[in-house]
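K.L.:
Summarising the annotation, Swiss-Prot assigns transmembrane segment to 11-31, 39-59, 77-97, 110-130, 140-160, 176-196.
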């Protein structure tokens, strides 16, 4: 149990997808103007990562890995396209659920909801799972923790950006300029966790 708690804390803080690996930056910067919208997208990313990483773990382990289906056959060259297909299917299902049950959130996310399909954080989570050879339980914990970490980062950035509306930002830095500086400072803050040994 201690191993899984360690993996969860590590994936949220020490190896944060947004602030340590800078994955998923396009939606991270574009949707982080309001806390409510950022929280909605963060929840969507948590759901997709929590499901996509373990599902792709099963696909990789039982279909693509060497000797998985047939002895002597290695289908790992199909990994990327298979992972993207699974992620795309999960995002489509999530999009239909949000459209049906949460129309305001669906409309607020707009084009960024389908873009979760090609969000680097989602694909990065799946790729790290394969690279680190996580088992199914570890991949569930890692997917959930990575999603929570990404959501934490985007909601924190949105809160800071909402407060900065009332700040006296120099004209040359207004908009994305000050946002990049803010993200850099947040990343420095998260770097302080890098020395933590779990």
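A Cβ is built for glycine as well, from the same backbone N, Cα and C atoms used for every other residue.
Note that the coordinates shown come from a computational prediction; the quantities given were computed from them, not determined experimentally.
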K.L.:
Go through 11-31, 77-97, 140-160 and flag the stretch with the largest number of C-beta pairs under 8 Å relative to the transmembrane segment (39-59).
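P.N.:
Selected stretch: 140-160, with the most Cβ pairs under 8 Å.
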K.L.:
Under a Cβ pair cut-off of under 8 Å, which of the recorded stretches 110-130, 140-160, 176-196 contacts the transmembrane segment (77-97) most often?
P.N.:
110-130
K.L.:
Which sequence-distant residues neighbour the transmembrane segment (176-196)? Criterion: at least 6 residues beyond either end, Cβ under 8 Å.
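P.N.:
Long-range Cβ neighbours of the transmembrane segment (176-196): 13-14, 16, 19-20, 22, 28-29, 32, 153, 156-157, 160-161, 164, 169.
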K.L.:
Let me spell it out: take the transmembrane segment (110-130), skip the flanking residues so only those 6+ beyond its ends count, and list any with a Cβ under 8 Å from a Cβ in it.
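P.N.:
Answer is 17-18, 21, 23-27, 30-31, 41, 44-45, 48-49, 52-53, 56-57, 60, 79, 83-84, 87-88, 91, 94-95, 98, 138-139, 142-143, 146-147, 150.
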